[in-house]
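Colleague: Sharing a structure here in structure tokens format.
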């Protein structure tokens, strides 16, 4: 017997009092019937008219946009970006909040995730509750830092114009300028041109060099357009059959600078998006780990070797570093970037598969910078058995971080220190560095 189709509530409007912020760039509210709403474009304590954007009768929750502000928060400002707001660009979450309020909201989310998933208070996590802006980002309300050195533009299939996707949608919001795009991206002039046959364009402006790169993803069967940009760039394309990134023109990599070293990053590989992020995170990790000459270390999910290189510099010729990374091109880049170090080895594969095969039973230091999903219980359990003096966990997702910190706690480690950084202004994202040590050490 087929279930009765449920009635969509999209377009329904509710007048609600807005409650606390939730992970994901929205706040929690309830209808008069008790239905949970996740509301964007609002702030805690406001009274708004919320219009449902997703959900149906009987759903656990509905998604909604605040389309009318009846009672505003003192932290509200007019969004500086003309493309922000309900139904518009989905790139930013907090354009309507003062910069200090944005950081407080991120801190509240982190506090809640630590409590809910790790059973930790900020004090127990060694965190003072603040989310620190990057150097140069502490601007007055209404001003927007141009920080995003990597931007993925979507291309409208009909007009060929580049824009950004609307929230939770494949629809393209055409734009003339993205306020959070770094100068090196904006100066390419991608938004001014038409891109027939393209599905998306990734623009990269390296930090510490003049390297610029665009990666074109054509629609099936389309040819690459002949487009001249405002600045010299290298051009790559995503292959239709293999999904790989292939060189069209110029270098197949960009050169990024951090911790006094130049890092080759090929084929649009991972590198921190904020120009100050890599330097900020290396400093936080090294201050937390305090590497000593002769230490042995693991760098897990090591990418192109940012942390492995920083540790190798500090442990000297008597020390040793093993990096593990799943991406083939990233491993090639890491080996190139770290070729000067005789006692640094980079292995390719998934951490959970490679680490047990190494036969390593003890290590002095560990740094892990897992993807957004986190490391997971299996990997954490393995790490807690290696007896590391200190572990640095770099995280871009507070929920995954808190969950994994709970696993470390079960495995006999405590959080000595936690630092949070606002390396994604105007969005709900933040970056954290947690430093762990054996619980017995703090007993």
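Positions of Cβ are set from backbone N, Cα and C atoms, glycine also.
Unlike curated entries, TrEMBL annotations are predicted automatically.
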Colleague: In TrEMBL, the residues 272, 301, 369 are said to bind S-adenosyl-L-methionine. Which of 325, 347, 352 is said to bind at that same site?
Modeller: 325
Colleague: Measure the Cβ-based neighbour count of residue 396 (active site, nucleophile), defined as the other Cβ atoms within 10 Å of its Cβ.
Modeller: 20
Colleague: Quick one: what's DSSP say for residue 272 (S-adenosyl-L-methionine binding site), helix, strand or coil?
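Modeller: DSSP assigns residue 272 (S-adenosyl-L-methionine binding site) to coil.
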Colleague: Suppose the S-adenosyl-L-methionine site is 272, 301, 325, 369. Which further residues of the same chain have a Cβ inside 8 angstroms of that site's Cβ centroid?
Modeller: 270, 302, 303, 306, 307, 370, 394
Colleague: Select the most exposed residue of 325, 369, where exposure means the fewest other Cβ atoms within 10 Å, treating these as the binding-site residues.
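Modeller: Taking 325, 369 as the binding-site residues, the minimal 10 Å Cβ count falls on 369.
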Colleague: Let me check the 10 A CB neighbour count of residue 301 (S-adenosyl-L-methionine binding site). How many other CB atoms are there?
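Modeller: Residue 301 (S-adenosyl-L-methionine binding site): 22 neighbouring Cβ atoms within 10 Å.
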Colleague: Averaged over the domain 'TRAM' (7-68), what pLDDT does the prediction give?
Modeller: 97
